[in-house]
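All remarks here apply to the structure that follows.
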């Protein structure tokens with residue numbers, strides 16, 4: 001069976017980068033979960049001795065600490081820097097960017113507004129860089145509770161929807177004298193979806209690899225089905241069924257944002273052997 | 001007859017300030033028309049010897065030069081500064097603001113976008129402060145002709161409508177990584193309109209003073225008529241007719257943005273004497 005991978009699928013740039021960093025030094029310790037994927041965390045533990053510290057108290061002198069993709073609060077990074085530990089920063093560059101923006105614009109007197117979920121580690125890390133109290137809002141209704149000052153600056157959690165982000169921007173600029181809008185949304189998820197759609201149109205059968213409970217994987221599966229009737233969702237290569245491929249010539253593969261590449265590769269190999 | 005003036009009417013803050021400056025020093029010379037009102041320019045000439053220079057070539061050593069409310073291009077100001085002349089800057093502070101913004105953000109690498117009329121002296125002065133070529137757009141269609149770069153900054157001609165300004169802002173922020181929006185619109189015109197509406201509701205007769213061809217005066221007259229059936233538009237006190245006031249107790253007065261206060265005062269006095 002001929003196999004074609006989607007142009008964009010699976011782990012995003014930041015997650016791939018973090019895993020590379022974690023694999024480089026043996027026996028590292030991540031402060032918080034490196035990425036949001038248990039299977040991959042287990043693999044890093046078994047293969048590379050990477051352990052998980054749930055708080056900074058579990059970090060010891062001499063440790064090789066890996067900062068998670070979502071970043072950590074500024075004061076925790078400061079604490080680590082004051083300890084005798086080696087630090088590898090696996091913070092996604094798309095998260096480092098809003099951290100720096102927030103640090104700069106808050107120093108320049110702008111009220112920082114972060115579009116995001118206050119409980120998310122990424123938002124916690126970004127807001128910690130503000131010199132003044134940042135506002136974290138999950139929607140327009142929350143923003144409307146605030147009295148908008150003369151100078152405001154808006155950033156977003158990387159995984160938020162652009163449509164809502166623009167709504168917040170519009171509200172701010174109609175209520176501020178000066179508004180700075182930084183579109184810090186990362187479109188990796190949308191790229192995966194666009195690529196799945198394109199690929200589904202040109203193949204006989206589509207295989208979507210990902211957790212059955214993963215929201216973004218389900219979204220990919222829905223998109224694939226819409227453009228290729230013979231689409232199937234599997235967790236790993238063990239989910240494949242031979243009869244699906246009868247009479248088919250070309251098979252497309254895509255994968256959710258939380259699906260490690262090694263699982264995708266096993267699926268690809270098994271299909272090629274059909 | 002009892003008379004009540006609108007809360008906001010006639011000349012705006014910037015025009016009033018410019019006239020005060022022109023009256024301070026005798027025999028000044030304005031580079032371009034100080035304000036857009038011929039009667040007032042004539043009055044300043046007759047009463048204070050203020051003459052008009054159409055270009056910088058008409059300025060002589062030792063002159064007292066008054067910079068017009070709309071501002072002048074940066075290189076002309078520089079030329080004046082290099083000449084042995086005394087300079088009084090009557091540029092409206094609401095115009096100085098966008099000049100400074102454009103100067104700063106263009107130096108910081110933002111593409112400057114000015115919402116305005118490229119032929120207007122205010123826009124010519126503001127755009128001259130940009131270190132890089134500013135884009136002047138009169139509407140969204142014009143903005144769409146450009147390839148939007150990563151960093152943009154938007155300012156407005158002070159007399160533009162906010163609704164269109166927000167449309168441009170929205171377009172920029174959906175096409176840039178970072179957008180800086182400076183709402184440099186001055187709401188003096190809208191304040192005159194709001195005040196005319198409020199006053200018209202509570203009086204028996206409304207007198208609108210202003211040039212018969214003045215667009216904003218006509219707008220004021222339309223608004224007054226809508227809320228007070230007995231509304232009249234006059235150029236000066238000679239336009240008043242006694243029979244309008246029969247059976248009326250309270251008269252409201254408003255005036256267009258280009259109507260000098262001394263004309264309004266004459267109108268007020270004549271009505272009070274009825």
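Quick reminder: no glycine exception, Cβ is built from N, Cα and C everywhere.
TrEMBL annotations:
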- A:122: active site, proton donor (ACT_SITE)
- A:12, A:92, A:186: [4Fe-4S] cluster binding site (BINDING)
- A:36, A:70, A:120, A:158, A:214, A:215, A:216, A:258: (2E)-4-hydroxy-3-methylbut-2-enyl diphosphate binding site (BINDING)
- A:36, A:70, A:120, A:214, A:215, A:216, A:258: isopentenyl diphosphate binding site (BINDING)
- A:36, A:70, A:120, A:214, A:215, A:216, A:258: dimethylallyl diphosphate binding site (BINDING)
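Everything TrEMBL records as a feature, shown here on the structure.
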residue	record	DSSP class
A:12	[4Fe-4S] cluster binding site	coil
A:36	(2E)-4-hydroxy-3-methylbut-2-enyl diphosphate binding site	coil
A:70	(2E)-4-hydroxy-3-methylbut-2-enyl diphosphate binding site	coil
A:92	[4Fe-4S] cluster binding site	coil
A:120	(2E)-4-hydroxy-3-methylbut-2-enyl diphosphate binding site	coil
A:158	(2E)-4-hydroxy-3-methylbut-2-enyl diphosphate binding site	coil
A:186	[4Fe-4S] cluster binding site	coil
A:216	(2E)-4-hydroxy-3-methylbut-2-enyl diphosphate binding site	helix
A:258	(2E)-4-hydroxy-3-methylbut-2-enyl diphosphate binding site	coil
Non-site residues, in chain order, whose CB comes within 8 A of the mean position of the CB atoms of A:12, A:92, A:186 at [4Fe-4S] cluster: A:13, A:14, A:15, A:69, A:94, A:95, A:158, A:188
Rounded Cα-Cα span from residue A:122 (active site, proton donor) to residue A:12 ([4Fe-4S] cluster binding site), Å: 15
Of A:158, A:216, A:258 (the binding-site residues), the residue whose Cβ has the fewest other Cβ atoms within 10 Å: A:216
Per-residue Cβ crowding (10 Å cut-off), top of binding-site residues A:70, A:120: A:70
Cα-Cα distance linking residue A:120 ((2E)-4-hydroxy-3-methylbut-2-enyl diphosphate binding site) and residue A:186 ([4Fe-4S] cluster binding site), given in Å to the nearest integer: 16
Count of other CB atoms lying within 10 Å of the CB belonging to residue A:92 ([4Fe-4S] cluster binding site): 22
Nearest of the binding-site residues (A:120, A:158, A:258) to residue A:92 ([4Fe-4S] cluster binding site), judged by Cα-Cα distance: A:158
Number of Cβ atoms other than its own within 10 Å, given for residue A:36 ((2E)-4-hydroxy-3-methylbut-2-enyl diphosphate binding site): 15
Long-range Cβ environment of residue A:122 (active site, proton donor), under 8 Å and at least 6 residues apart: A:70, A:71, A:95, A:116, A:157, A:158, A:159
